Amino acid sequence: MSLLETRLLEISDPNNPDYRKHLTKEEVEAFVRPQANVTTAFTAWLSHHNITPRNATPTGNRLSVGMTVSQAEQVFNTTFEVYNHTSSGQTIIRAKHYSVPKSLAGDISFVHPSIHFPPTPNNSPRRAKMRSVVPSSNTAKTVRRDGCEDVTVNCAMRLYNIPTDTGVPSTDDEVVVLAFLGQGLQGHDVASFMKEFREDVTLAQLRLEVVSVDIGDNPQGISRDQASEADIDVELLLGVAPQSRTTLLPTATTSGSSDYMTAFEFLLQQETVPTVVSMSYGTDETDAPVEQLRSFCSDIAQLTSRGTTVVVGSGDKGVNCMQTSGSTTFQADFPGSCPWSLTIGATQLSPDGSTEMALGLTGGGFSAIFQMPTFQTGPVGSYISQLGSLNEGIYNPGNRAFPDFSAIGANMLIMDNGTFGGSGVSISTPIVAGMIATINDHRHAQGKGPVGFINPLIYANNGSAFSDINQGSNDGCDNNGAPGFPALSGWDAATGFGTPDFQRLLELLT
């Protein structure tokens, strides 16, 4: 564990005298800044090849280097070749191996892109611009739905005891929603959604902007596939917390942890960080080099140390569907498996609408990379004891367990490309992000800072602010007979501590 992560645990421990004394930008950077002699040696190595690196992060612990293919082959003593991506027709350039000077090998975690093949090809970066996207009025035909016959944001708010009136004034605290895969929200969809489900909120009250970082500019009039995820995330967050100053960051047209790092590099450069980051995207832990996942997880720790709650989804393939061909172990979803994320699973309503149960496709389980933080050991250990021999040998019981808790994540009505339609499991993440944003508003009104990393407090209280979900499992597609992880009493690897009661969570966190 790094010194930064140790300090993060200290300031997040409710029994520590430094509890919630979030670090400044300068304090965080002091933990991760490379030693001067390492930077000097690295720069000298590249200068020998007439290459000048630039800092991708404020401290220079991650560097960006531009070079031709021939230069890269010389620098890394390798051969690069062109590979064709069969489904998209796009091409990428990769090598089968690379090497760095022996004197620097211990200081270089990974070189990217080099030998890793991403799920989809990368595109070239463009810089950012900001604007508002919600129209001033809306004429969409309403199709009013009450109750939970259809799952709506109003239904979710009733399920979790979330008030429509927060009872506190709005603040300038920023809430950020991340978007990838070339997806972007459609202003007319947000306007129609708010008119349909939050008629008490005028469009003029919304404070929603888009800041495009390194890729794209969130064009309007795009296809449903390009809009859906960003529409879902923004609509449901604003449905729960319409008072929030919300920023969408569409960062890339591709997928993978390298694009995630682009977004966090941008956030870490800011003098003031958002109080909440909502990220419903994820990838398999096997989709990127371990060193790269660890580096991005460190980015999350850096942001969290400054007081941000990073809310991520647990994945939408259960556990069996995450298994790669020939794999004998369950695969974990990332960044849900990062110990410094607040990881949210998904539930569904029973057929009669009376109870919630684990959604079969909700991600959960145990990381294959990241160790279990000590605050998890009690509740998670109890669950492992209940499991007995179930799934024994196909998961690592000593690693980071997730999700932390869950929210409704099936058959949600949202406005997507002008049409109301059901959605999937990514809906639980922005609902929880909206709850945390509202709790931060309450703390702001009391003269307190944001809640930051809440996981240790939640586990210390053994899920007292949550309603137990003990039905269902995340068996996913069940493609090789393993049953997944069942939802049991207490913490479990399908729903975490269950679903939140906003009022109890508010009392716990304020």
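Keep in mind that glycine also has a Cβ here, set from the backbone N, Cα and C atoms.
Automated prediction, rather than curation, is the source of TrEMBL annotations.
Here the Cβ of Glu229 (active site, charge relay system) has 23 other Cβ atoms within 10 Å, regardless of which shown protein chain they belong to. Feature annotation from TrEMBL assigns active site, charge relay system to Glu229 (among others).
Its Cβ placed at the centre, Asp233 (active site, charge relay system) has 29 other Cβ atoms within 10 Å. Residues or ranges marked as active site, charge relay system in TrEMBL: Asp233 (among others).
Long-range Cβ proximity for Ser426 (active site, charge relay system), meaning a same-chain Cβ under 8 A and a gap of 6 or more residues, is found for Glu229, Ile232, Asp233, Ser280, Tyr281, Gly313, Asp316, Gly409. Positions annotated as active site, charge relay system by TrEMBL: Ser426 (among others).
Neighbour count (other Cβ atoms within 10 Å of the Cβ, all protein chains): 24 for Ile469 (Ca(2+) binding site). The annotation Ca(2+) binding site is assigned in TrEMBL to Asp468, Ile469, Gly490, Asp492.
The domain 'Peptidase S53' annotation in TrEMBL covers 150-510.
Other residues of the same chain near the Ca(2+) site, with their Cβ within 8 Å of the Cβ centroid of Asp468, Ile469, Gly490, Asp492, are Gly463, Asn470, Ala487, Leu488, Ser489, Trp491, Thr495, Gly496, Phe497, Gly498. Residues within less than 8 Å, Cβ to Cβ, of Gly490 (Ca(2+) binding site) and separated from it by at least 6 positions along the same chain comprise Pro379, Ser382, Tyr383, Asn462, Gly463, Asp468, Phe497. The local packing around Asp468 (Ca(2+) binding site), expressed as other Cβ atoms within 10 Å of its Cβ over all shown chains, amounts to 17. The Cβ of Asp492 (Ca(2+) binding site) has Gly364, Tyr383, Ile469, Asn470, Phe485, Pro486 as same-chain neighbours under 8 Å, each 6 or more residues away in sequence. Taken together, the residues of the domain 'Peptidase S53' (150-510) have an average pLDDT of 89.
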